[in-house]
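Q: Dropping a structure here in structure tokens format, bear with me for questions.
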Amino acid sequence: MDLVVLLRAGYLAAALAVVVVSVIPALRTRFLAYGPRAASPSSSVPASVEEEKQRPGKTATNIIAHLLDHVATWQVSHSWFSSFYYLSGGLSIAWLISWLVFPRSGDTAFIMHPRKGSMSVQQVEVAWLMMFAQGMRRLYECRSLQSASSSTKSIMWIGHWLLGLLFYTATSMAIWIEGVPTLQSHTLTRADFSFHAPSLRTILSVLIFLLASGFQHDCHVYLHDLKNSKAKDDKGSARQYKLPEHPAFHSLIAPHYTAECFIYLSLALVAAPKGAWVNWTLASAVVFVVANLGITARDTRQWYHDKFGMKAVEGKWILIPGIY
């Protein structure tokens, strides 16, 4: 078994699955929308499906529709997002302990087939630190920016949650898996944890990571404050969601999603094995992140359009400026 190939195939298969679900109305309307978007007019079940469900008798479409409706009720609180980052941080620590405690000699054929290049020990260390920092920052945000009332009202389909757990489990391995040959043949010493002059690639990758992380954090804080602001309707009583006016949202529908893509891109760059421009295992993870968040951002755009009108989304990119 080649774990590298398995991870890459898993990321790409998950990305394809998300795209397939997004283009099939009966699946998209039941399983993709969550939180505020779940109540969007555009996310209601297609009329043709509703009409079929009301017909007498047990037609194939009727049975399938009811089955899908039942599966769609398997939901969890949106607050369960924090479990992703508990898992990510816990696995990062577990892998670190395994590197420090267990011997690194032996056959690696059961993990990966021989390849031309491998990550260096320093690359593994930097990639590990970046992933650990990402998990801890997001955990901090989940715990500090999440209000009790909103977390109980906002829900997501359990499939989202399970897919997230799989993603963070896979990525906790993807950041070091292409460095296995080096880790297996190298004995860690104090010198490995001392400062070494970073390469230009490392400097640029870490810079992208830090800028994207800070940018995303600012967006998350702003959205939290916006969501919890005392906005009231014409009657002066009901709280309602307001259109984001932060400069980051002037040209992008979901700039925090854009930042997420750059965070994982920086990991793919910093972890590139010797002789490669990019770490293709982590690049496959980027494909999944772009597909998943691109579809979510597209649905967010539709939600803004339905709620606030065309002017609210006019001239704004969905995910990647100049491309999408």
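Each Cβ is built from the backbone N, Cα and C atoms, and glycine gets one as well.
Because TrEMBL annotations are produced automatically, they should be read as predictions rather than curated entries.
Sharing the record's features from TrEMBL:
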type	residues	note
TRANSMEM	6-27	transmembrane segment
TRANSMEM	84-102	transmembrane segment
TRANSMEM	161-183	transmembrane segment
DOMAIN	199-324	domain '3-oxo-5-alpha-steroid 4-dehydrogenase C-terminal'
TRANSMEM	203-223	transmembrane segment
TRANSMEM	277-297	transmembrane segment
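A description of the local structural setting of each listed feature is requested, covering burial, neighbours and distances.
A: Away from its own ends, the transmembrane segment (84-102) comes close to residues 128, 131-132, 134-136, 138-139, 142, 164-165, 167-169, 171-173, 176, 183, 188 of its chain (Cβ-Cβ under 8 Å, at least six residues beyond either end).
According to DSSP, the secondary structure content of the domain '3-oxo-5-alpha-steroid 4-dehydrogenase C-terminal' (199-324) in residues is 79 helix, 4 strand, 43 coil.
Remote same-chain residues near the transmembrane segment (203-223) are listed as 126, 130, 133-134, 137, 141, 145, 244, 246, 248-249, 255-256, 259-260, 262-263, 265-267, 269-270 (criterion: CB distance under 8 Å, separation of at least six residues from the stretch ends).
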